Amino acid sequence: MTRYIVQRMVGMLVVVLLVLTIAFVIVRLAPGDPAALMLGPEATPAEAAELRERLGLNEPIPIQYLSFVGNALRGDLGTSIFFNQPVTRVLLARAEPTVYLALFSLIIALIIAVPIGIYAAYRRGSWLDQTAISTAMLAASVPSFWTGLMFQRYLATELGWFPAAGYGGPDADFWVRMGHLVLPSIVLGIVNSALILRFTRASMLDVLGEDYVRTARSKGMTEWRVVLRHALKNAAIPIITVIGLTFALLVSGAVVTERVFNIPGMGNLVVSAVLRRDYPVIQGTLIVVATLYVFINLLTDLLYLLVDKRVRY
Amino acid sequence: MSASALADEPGFLEALFARRAVLVSLIVFLVILAAVILAPLIAPADPSAMSVRNRLAAPGGDYWLGADAFGRDVLSRLLYAGQVSLTIGCGVALVASVVGIVFGLVAGFFRRLDGPVSRIVDAMMAFPDILLAIALVAILGGSMINVIIALSIVYAPRIARIVRASTLVIRELPFVEAAQALGSSTGFIMINHVLRNIVSPIIVQATFIFAYAMLAEAGLSFLGVGVDPSTPTWGTMINEGRQYIDQAAFLIFFPGIAISVSVLCLQLIGDGLRDALDPRIAKEL
C-alpha cells in the first residue's frame with residue numbers, strides 16, 4: 001500500500017509539472033509582445049522594455065521556463081502588474097469568500113443530492129425518481145449565473161430575505177460576511193447537486209441489486225437498515241469520487257457566482273485580472289486551482305482505502 | 001460503421017425514440033435551429049433598429065418579448081444572437097472532436113506516445129473549464145473564432161480520453177491484426193478499422209460538448225470576456241440586461257430560457273444517443 005501511495009504521489013508531481021508547463025505556455029501564446037499587451041495601448045516602448053526586463057522576458061525561453069518552474073515550486077508565482085504585490089499574497093487576500101462559498105455550496109449540494117439520490121434509487125421508476133432525474137437534468141442545463149440573477153432579483157431585492165450583493169464591506173464581522181454567502185451558496189449548491197444526485201442514484205442502483213443486499217433482507221433486517229448500513233456504505237466510493245470531480249465544477253461556478261453577487265473572491269479577481277491584462281494573476285490562479293484539483297483527486301482516491309476494505313493496492 | 005450507416009441500422013431510430021423525451025428534444029432543438037437559421041426571414045424587426053420611445057417596453061403588443069434599453073426588439077435579437085451561440089457550440093463540438101480524435105488515436109495506437117499524451121490530457125483536465133477558457137480568451141483576444149479555439153482546447157481532452165480508451169480495446173481485436181498481416185499501413189488501419197468502430201461514443205460525447213460549450217460561451221459572455229460585446233449572443237444579452245434587472249427582468253429571462261432549453265435538449269439527445277448506440281452503458285446512468 002505504501003508503494004501505491006508513493007506511486008500516486010510521483011504521478012501527481014508529474015501532472016503538477018505539466019500544469020505549470022501549460023500555464024507557462026498559455027501566456028506565451030499571446031500574439032505579439034506580452035509586455036506591451038499587459039500595459040495596454042497607452043504605454044511607451046520604454047515602459048514595455050522595462051516590464052520585459054522585470055518579467056525576464058528577454059531571457060531565452062528555456063531559461064525563462066526553468067526559472068518559472070523553480071520559482072513556482074518554491075511558492076513564488078510572480079508579481080501582479082496591477083497590485084505590484086506577489087501573486088500569492090493577492091490570491092490569499094481573496095481566498096476567504098471563495099473557500100467558504102465552495103464549502104457551503106458543497107454541503108448544500110450533498111444535503112440535497114444524497115438523500116434524494118438514495119431514495120430515488122430505492123423507489124426506482126416511481127414518480128419521485130422520475131421527477132428527481134428530470135429536475136437534475138434541468139438544473140444541469142440552466143446557466144448558474146442566470147439562476148443567480150433570478151434568485152438575487154426575486155429573493156433578495158424584492159423579498160429582502162437575503163443580502164443582495166457584496167461581502168458586507170471592509171469592516172464587516174465574520175457572521176455578516178457569511179450571511180452574504182448564503183444565497184450564492186444556495187445557487188451554487190443547486191447547480192452542483194445535479195451531478196452528485198445522478199451518481200448517487202446510479203451507484204445505489206448498482207449496490208441494491210447485489211446478493212448481499214438480498215441476503216440482508218432475507219435475514220429479516222429492516223429496510224431502513226439494509227439501505228443505510230449495507231447499500232450506502234458500498235455506494236460511498238463512487239459518491240466520494242464524484243465529490244472530488246465536482247471541485248472543478250465548483251470553481252467554475254464560483255467564478256461566475258462571485259461576479260453575479262459581487263463577492264470579492266478569487267473568481268472576481270481573475271475576471272478583473274483579465275480585464276486589466278494582469279497575466280501573472282491569471283497564470284497564478286490557474287496553477288493554484290489546477291494543483292488543488294490534482295491534490296483533491298489524489299485524496300479521494302486514498303479515501304477509498306479507508307472506506308472500502310476490499311480495495312487493496 | 002460510419003455515421004450514415006448508423007442511421008440505417010435497423011432498430012436504431014426506434015431505440016433512439018423509445019423515450020418520448022428524446023423525440024421531443026430533437027423536435028424542439030430542430031425548431032430552434034430552424035428559427036435561428038431563418039432569422040432574416042422570420043424576425044419581426046431589424047435586431048439593431050432602435051426606438052427611444054419604446055425603450056424597456058414590456059412583452060406584448062408590437063414587441064412579443066419586449067424591447068431592450070435601446071428599444072430594440074428582444075425576439076429579433078434572440079433569433080440573431082442564437083446564430084452566434086449555436087455556431088460556437090457546434091464549432092467547438094466539431095473542432096474538439098477532430099483534435100481529440102487525433103490525440104486519442106495517437107495515444108491509443110503508439111504505446112510510446114501513450115504515457116506523455118495521457119499525462120498532458122490529465123493535466124489539461126485539471127483546469128476548470130471556465131477558468132481555462134477565460135485565460136485562453138484573455139491571451140488570444142475575444143472574437144468568435146478565438147472563443148471557439150479556446151473552448152475546443154478546453155474540451156478536446158475529453159474526446160481524446162474516450163478515443164484512447166476505445167482504441168486500446170479495438171487495437172487488440174483480430175481484424176486489426178489481420179489488416180496488419182495483410183500489409184495495410186498504420187494510417188489506413190487507424191482510420192478505416194479503428195476510427196470507424198468508435199464513431200458512436202465520439203458522437204455521444206460531441207453532443208454533450210455542444211451543450212457544455214454553449215453554457216461556457218454564455219458564461220464567458222456574461223463575464224464580459226467572451227466574444228466582442230457588440231456581437232449579440234444569448235450570454236451578452238443577459239450581461240447587457242443586467243443593469244435593468246429590477247425594471248425589466250424579461251431582458252434576462254428570455255435569453256436564459258433560450259440557453260437552458262437548447263442545452264437541455266442537447267443533453268437529452270446525448271442521453272438518448274448513448275442509450276440507443278450502446279445499450280450496455282445505458283444501464284449505468
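Any Cβ shown, glycine's included, is placed from N, Cα and C.
The annotation domain 'ABC transmembrane type-1' is assigned in TrEMBL to B:86-270.
Long-range contacts of the transmembrane segment (B:21-43) within the same chain: residues 73, 75-76, 79-80, 82-83, 86, 258, 261-262, 264-266, 268-269, 271-272, each at least 6 residues beyond the stretch ends and with a Cβ under 8 Å from a Cβ of the stretch. The transmembrane segment annotation in TrEMBL covers B:21-43 (among others).
Per TrEMBL, the feature transmembrane segment maps to B:86-110 (among others).
Annotation comment: TrEMBL describes B:130-155 (among others) as transmembrane segment.
The transmembrane segment annotation in TrEMBL covers B:202-227 (among others).
Taken from TrEMBL, the feature transmembrane segment covers B:247-270 (among others). Residues 21-22, 25-26, 28-29, 32, 56, 58-59, 65-66, 68-69, 74-75, 78, 81-82, 85-86, 89, 204, 207-208, 210-211, 214-215, 218, 234-235, 237-238, 240-241 of the same chain, all 6+ positions outside the transmembrane segment (B:247-270), place their C-beta atoms under 8 angstroms from a C-beta of that stretch.
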Beyond the flanks of the transmembrane segment (B:130-155) by 6 or more, those residues with Cβ under 8 Å of it: 84, 87-88, 91-92, 95-96, 99-100, 124, 209, 212-213, 216-217, 219-220, 223, 225-228, 231
Residues from the same chain, set at least six apart from the ends of the transmembrane segment (B:86-110), whose C-beta lies under 8 A from its own: 32-33, 36, 117-118, 121, 144, 147-149, 151-168, 171, 186, 190, 194-195, 202, 205-207, 209-211, 213-214, 217, 227, 233, 262, 266
